[in-house]
Amino acid sequence: MEGKTVIFSVLVMGLVISQIQVEAQKTCCPSQSTRKEFEDCISEGNLQILCSAESGCRDTYVGYCPSGFPYGSLTNSGDVVNVYCKLGCVSSLCGALTSLQKLDTSGKVNVAVERCTKACSTICTKGSKTAVETV
């Protein structure tokens with residue numbers, strides 16, 4: 001019984017540590033156009049590491065962007081809430097569908113990805129205007 005408790009404790013600690021590392025990750029880009037390219041790639045449901053490589057952006061865990069990569073986030077506006085909500089929603093909920101997209105020849109997965117992306121857009125824009133107005 002003690003062995004199971006130790007294994008369970010190590011598993012929980014590993015999950016907590018990996019969650020902290022994921023939350024601390026920041027993507028920094030050399031220009032606004034590469035930042036936009038990165039965001040478009042993510043909104044299509046691709047993995048963050050793939051989008052960083054394709055757009056020329058860098059993932060960092062230090063909390064700030066290195067020199068030459070000053071664009072770590074969008075400018076502060078009401079649209080930022082929507083953009084980041086959509087990016088997070090699409091990448092977490094629609095990512096698995098996107099990887100299936102390449103294997104599907106019938107087009108059914110394309111429809112599912114479109115619906116998933118639209119659902120994320122609806123969820124994210126529904127209450128964001130109220131939240132931005134109250135801040």
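Every residue gets a Cβ built from N, Cα and C, even glycine.
Reviewing C29, C89, C94, the cysteine that Swiss-Prot connects to C57 via a disulfide bond turns out to be C29. A disulfide bond in Swiss-Prot ties C65 to one cysteine from C28, C94, C116, and that cysteine is C28.
For the disulfide-bonded residues listed here (C28, C29, C51, C57, C65), the lowest count of other CB atoms within 10 A around the CB belongs to C65.
Residue pair C28 (disulfide bond) / C51 (disulfide bond) shows a Cα separation of 12 Å.
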